[in-house]
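**Student:** Supplied in structure tokens, the structure appears directly below.
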Amino acid sequence: MRQFPNARLRRTRQHDWIRRLVRENQPSVNDLIWTMVITDSHELQTPVPSLPNVSRLNIDALIEHAKEAADLGIPAIALFPHIDPKLKDPTAKESLNVDGLVPRAVAAIKAEVPNLGVIVDVALDPYTDHGHDGLMQGEIIENDSTLEVLAETASILAKAGADIVAPSDMMDGRIGAVRKALNSSGISNVPIMSYAAKYASGFYGPYRNAIGTNAALKGDKRTYQMDPLNRDEALHEVALDITEGADMVMVKPGLPYLDIIRDIKNEFSMPTFAFQVSGEYAMIKAAGANGWIDEHKVMMETLGSFKRAGCDGVLTYFARDIAKSLHKGS
Ligand code: PBG
């Protein structure tokens, strides 16, 4: 007599309705943070060649995109500035300009689309002529003098109306420095989303092109961003950031680091986010355009993977496409 299995996992996979019934994760529009590149330009939009369907937006175009985000039910957007090369210098002084691009952009969105969350990246690389996230002393990226600039930048952006500040520089002690500056400016209610485990990754290539730092960058970022081969160290980074006053933590890049996301979620039970970075987006776009993968299917699968790994939300250039797709129910 043939032995049949009693346990058959295929029983709950037979129909759409039962697959829906046993589904463990439900990605939704509430999981999305739409990443946008902004610039000062007369042109409304300047396409970024390395990021198909992503443009540098001027403030007018940004407002239109912010309205679209709100209409789609996307909770928040994250802003990344492309700064005029003429304004870059070794001290990142443009990052302290209260009338600079990002403070103006934040104020404009808050005036026009007040219920949309606005997250600002806090780092010096868009503003330094050497493309590093910190001030340089010879060949060294100086930690503690950088903290002072970051803290002041964060206060300026919070005062301009930013809802969340997100330090992405990976200097030691930056969360504490930013938290202290916010407290002493009387804005202790602004959450900090720390780029807690940010790796020295090859996946940022298209972004550096988008914000115009790739040509400028001298050397690499391995003395401050994490070694992609390390796992325990990510937990150490997150622990410090939480102690220093972070409210939400992020892992970056996203898909190659799902193990780190799961570790962090298990260990800290904090609001945990992933950044599906430019290189991840560009790979999916390129393979999709060549007909090698089904772009839509893979895009949705990646969001599901982030949820499965333990993410509360994802920063992604796909946010608009995903939101539209979720609304259509596909
Ligand atoms: C730098 C910063 C980077 C990104 C966001 N903020 C790149 C870097 O560290 O060089 C990458 C975003 C992306 O690749 O989409 N502060």
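Residue 1 is the first one shown; counting continues down the chain.
Just so you know, glycine gets a Cβ as well, placed from its N, Cα and C.
Just so you know, TrEMBL annotations are computer predictions that nobody has curated.
Sharing the record's features from TrEMBL:
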- Lys198: active site, schiff-base intermediate with substrate (ACT_SITE)
- Lys252: active site, schiff-base intermediate with substrate (ACT_SITE)
- Glu237: Mg(2+) binding site (BINDING)
**Student:** Let me know the most crowded of the active-site residues, choosing from Lys198, Lys252 and counting other Cβ atoms within 10 Å.
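**Tutor:** That would be Lys198, with the highest Cβ count within 10 Å.
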**Student:** Whole-number answer please: how many Å between the C-alpha atoms of Lys252 (active site, schiff-base intermediate with substrate) and Lys198 (active site, schiff-base intermediate with substrate)?
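**Tutor:** Roughly 5 Å, rounded to the nearest whole number.
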**Student:** Give the helix, strand or coil assignment DSSP yields for Glu237 (Mg(2+) binding site).
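**Tutor:** DSSP assigns Glu237 (Mg(2+) binding site) to helix.
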**Student:** Looking only at C-alpha atoms, tell me how far Lys198 (active site, schiff-base intermediate with substrate) is from the residue listed as 'Mg(2+) binding site', rounded to the nearest Å.
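**Tutor:** The Cα atom of Lys198 (active site, schiff-base intermediate with substrate) is 9 Å away from the Cα atom of the residue listed as 'Mg(2+) binding site'.
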